[in-house]
Amino acid sequence: MPSRESYEVHKEEKSLVQKAKREANQEDILAAALGMRMGPQKPPATFWQPLKLFAYSQLTSLVRRATLKENDRTPKSEKVHNFKVHTFRGPHWCEHCASFMWGLMAQGVKCADCGLNVHKQCSSLVPNDCKPDLRHIRKIYSCDLTTLVNAYNTARPMVVDMCIREIESRGLKSEGLYRISGFSDSVEEVKMAFDKDGEKTDISGNAYEDINIITGALKLYLRDLPVPVISYNAYPGFIEAAKLTDPEKKLEAFREALALLPPSHNETLKYLMAHLKRVTQNEKHNLMNAENLAIIFGPTLMRAPNLDAITALNDIRYQRQVVEVLIKNEDVLF
């Protein structure tokens, strides 16, 4: 009976033979892909080398996307592509239908977050599987929340995590926490530091002694989100839930509204509400209860989606009530 060592050697030899065969047929496969017919004698290596480089450069993004799908074992939030009309330099093929992109200018569209290149007409057919690449993320603030967490492969935006950790380490007992504004120039400085250095940004007490600068930076990040933490599609559900008077029905309506949030938004809201609950537990020092915090965070976390001015104005009090309910019932809602 063959030993395990001989079996492994045989397996490795078989693998090497298969690899050699694949490499030997590379030119034939490439020729077929390019629609070329081969005669009894193949063109010289000087012909194949630049052709290989050209073809492989066009297939790079397809290989990258296939590799990501195979290797990505962490569940991520579904994300639509951020397509922009693009002029490509040199020949390009659509990564959805694999057909050539014709024209000299604006031949197709390119995802600004992951770099996917497709025809304009194919963009509506591409699934919501955008996997943002850090090379395309130019700033942290004003970046879509789901885009940011997918690019950094985190549960929440690092700005939220870092600011809350800093606030809880040295600021929970600070009077007027979140109500008192930090120096605006310093808050803007923190924003620019995050945009430039990301998770390497220093927001410690040595860099910013005033904790209100850090709370200001966190609030600014949440306000700058293109889609608020409580997303536009979930907004009506939260407003209607806040209007209910029956406690049980209200909590059930809140659970249904929370289920409408994208996973990254839900996780961020959960983490933030747990933090604000801890802030209220230090009320005797910081003088901040759930109602006070809700007045601050209502308009920060929620924005009325395309409503007229009067309706949006009327919604302000319900926005406050939404955040107040979330803080007080954080342990049972999340």
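Including glycine, each Cβ sits where the backbone N, Cα and C put it.
TrEMBL annotations:
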| type | residues | note |
| --- | --- | --- |
| DOMAIN | 80-130 | domain 'Phorbol-ester/DAG-type' |
| DOMAIN | 143-334 | domain 'Rho-GAP' |
| REGION | 1-22 | region 'Disordered' |
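According to DSSP, the domain 'Phorbol-ester/DAG-type' (80-130) comprises 0 helix, 13 strand, 38 coil. Note on the domain 'Rho-GAP' (143-334): its mean pLDDT in the predicted model is 95.
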